[in-house]
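One structure is given below, encoded as structure tokens.
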Amino acid sequence: MARMNRPAPVEVSYRHMRFLITHNPSNATLSTFIEDLKKYGATTVVRVCEVTYDKTPLEKDGITVVDWPFDDGAPPPGKVVEDWLSLLKAKFYNDPGSCVAVHCVAGLGRAPVLVALALIESGMKYEDAIQFIRQKRRGAINSKQLTYLEKYRPKQRLRFKDPHTHKTRCCVM
């Protein structure tokens, strides 16, 4: 069987947020996937596609795998968006500069959309978020997902009240 030519993992950094967008590994390519995660310091993987590998080896290496699958080519359901933003708020507030890996099948649709949502929620315009991601991941985000991002209204969920000054701050400053 011919191997699919998959794009290399891509790091997207904005303020103190770091994401690793990648394609899904298989059990046969899992060791390379784990090496990539370690190289970028990713300790959390968000899997938004069907299961294609055993997550036990990752967990043995201290990497948490979260499963939030949704349909290929589609925008994420509200529950996935809420869970994603809650994860990021906690992760980047407690460990600024840490890296969260996210993957779908090819790393061109579902995963980049979630990263775009994070960028938008932290204050970036949707057009800028898409361009920022596409500069690093050519072909990312299809037209249906693009329309979703255009209509998406951020609620600034990656922001928090500073307990000392009582001012609203971005959790990723």
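The backbone N, Cα and C atoms fix where each Cβ goes, and this holds for glycine too.
The model shown is predicted, which means the values in this text are computed figures rather than measured ones.
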* In Swiss-Prot, C49 is listed as disulfide-bonded to which of the following: C104, C170? -> C104
* Out of D72, C104, R110, which of these recorded positions is nearest C49 (disulfide bond) by C-alpha distance? -> C104
* Asked: By a simple count of other Cβ atoms within 10 Å, which of C49, C104, the recorded positions in the record, is least packed?
  -> C49
* To do: Give me the Cα-Cα distance between D72 (active site, proton donor) and R110 (substrate binding site), rounded to a whole Å.
  => 7
* **Residue pair R110 (substrate binding site), C104 (active site, phosphocysteine intermediate) - Cα distance, angstrom, rounded** => 6
